[in-house]
Amino acid sequence: MKLLTNAQKLLLLLRRQTSSKTTTVQAHDPSAAGQPALTSAQLDELERNVELRHHRNNVPLIRKLIEASVRGDRSVEQQLEEELGQLPNATHPRLLDYGDQPRELAQHVHREMPPKPKEFSELARALNLYRMDHLGNYTGHKSYYLTGHLATLEQAIIQYALQSVTKHGFRLISVPDILPKEVIESCGMRTEGERTQVYKLDTGECLSGTSEMALAGFFANKVLPEEELPLKVTAVSRCYRAETSGLQEEKGIYRVHQFTKVEMFAICTPTQSEAELEEFKNIEVDLFKQLGINFRLLDMPPCELGAPAYQKYDIEAWMPGRQMWGEISSCSNCTDYQAKRLSVKYRRSSDGQVQHAHTINGTATAIPRLLIALLESYQKGDSVEIPTVLRPFMDGQEFIARSKRIPETKLVKFIKAA
């Protein structure tokens, strides 16, 4: 992380420098004598990290911009600042030999799978609790309705997750879904380009892809006392993703444009962040153990970290109707990547110095995929058993059977005049 810190200080220093022909750029605070420079070799190391993470390699351009700035060309400074901001976070050393594959750390088996399991869509339609067909004309592609007891089950999962995480000291915050693009980009998600997952509004603002962004933005430009850290918050929000997929195994509500999620977020000191990530991971593991589904814990390789994460764990549930593992949760240590971009700081109690904080995020529950895992795992003939921990949030109900109260909808091509 030291090299990335030096790179982020580079622009400030170049603005203070006079023209120089040296090949070594001092990329640290000039008042901090004796610290290493950002040399060509260190730029090589940054480039290796970019390639390891399968990130867009902009280091060659950064080299050219540095050379131009050192020669006294101040016109490149804004572009240099933008390019430095696009560098990904450093990578945890233990991940360096993972290649492109995650490491399975544990597999949890809690129940036997049904002999001939139905896929979620087939099962939910048979129970008359779900609709996704013929919605494109008025709600858009990848939209869906959950009705009857399935809609109630969604709310039960939310309440169960909130009850669980608040027991661990998380404070509930209600967050906005519309955010400035600067907040979203500071959290590590690009809002421009062909592959962006972000919905942009005509106002220039964006729909939030996860409440992590709103929670991080809540603490922007704040200096927190060290005694208050780690500060842990949680939120329930709708999440909007422009992503889509044509893969057969990701059909239905597995990958959709909008869904509900319970998110965990923490601000902590650098010495606390690795322990906090482990706590997030353990909370998630316990959540899914209590739900009684079969799942596995993965330690993700560098190419799966995105831009902000230093390290990340994923949890995948077995979905018997699809015969596949599907991601239902993750948690990441973003170190100071987001905090530096949002100016989230803390005041050290030992000497009063102000330092950048670290941020941790984790998914307590992402509703659609968890519904897939639950219904496919708990199906019993023409009904679905409700996990024991969710029953208190459904008035003690034990099974979901076919509902006849919600009328079935059928596509009609022509309506005859009376």
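Yeah, the Cβs are placed from backbone N, Cα and C, and that goes for glycine too.
Predicted, not measured: the structure shown is a model, and the values here were computed from it.
The L-serine binding site annotation in TrEMBL covers Thr210, Arg241, Glu263, Asn361. Among the features that TrEMBL reports, ATP binding site is placed at Arg241, Ala242, Glu243, Val256, His257, Gln258, Phe259, Glu327, Ile328, Ser329, Ser330. Sequence annotations record features per position, and here TrEMBL assigns domain 'Aminoacyl-transfer RNA synthetases class-II family profile' to 153-392. What TrEMBL lists as site 'Important for serine binding' is Thr363.
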Report task. Taking the Cβ of Arg241 (L-serine binding site) as the reference point, list residues of the same chain whose Cβ is under 8 angstroms away and which are at least six residues distant in sequence. Result -> Gln197, Gly209, Val256, His257, Gln258
Query raised in the report: If we check Cα distances from Ser330 (ATP binding site), which of the recorded positions Thr210, Asn361, Thr363 wins as closest?
Result: Thr363
Query raised in the report: What count of other C-beta atoms do you get within 10 angstroms of the C-beta of Glu243 (ATP binding site), across all chains shown?
Result: 14
Query raised in the report: Can you tell which of the recorded positions Thr210, Asn361, Thr363 lies nearest to Phe259 (ATP binding site) in space, using Cα positions?
Result: Thr210
Report summary line: The sparsest Cβ environment within 10 Å, among the recorded positions Thr210, Ser330, Asn361, Thr363, is found at Ser330
Report task. For Ile328 (ATP binding site), just count the other CB atoms lying within 10 A of its CB, please. Result -> 27
Query raised in the report: Nearest to Ile328 (ATP binding site) by Cα distance: which of the recorded positions Glu263, Asn361, Thr363 is it?
Result: Thr363
Report summary line: Top of the binding-site residues His257, Phe259, Glu263 by count of other CB atoms within 10 A is Glu263
Requested in this report: Fill in the CA-CA distance, Asn361 (L-serine binding site) to Glu243 (ATP binding site), as an integer in Å.
Outcome: 21
Report task. Report, in whole Å, the straight Cα-to-Cα distance of Glu263 (L-serine binding site) from Glu243 (ATP binding site). Result -> 20
Query raised in the report: Cα of Glu263 (L-serine binding site) to Cα of Thr363 (site 'Important for serine binding'): how many Å, rounded?
Result: 5
Query raised in the report: Between Thr363 (site 'Important for serine binding') and Thr210 (L-serine binding site), how far is it from one CA atom to the other, in Å?
Result: 9
Query raised in the report: Neighbourhood of the L-serine site (Thr210, Arg241, Glu263, Asn361): other residues with Cβ within 8 Å of the Cβ centroid, in order?
Result: Ser208, Gly209, Ser211, Glu212, Met213, Cys239, Lys261, Thr363
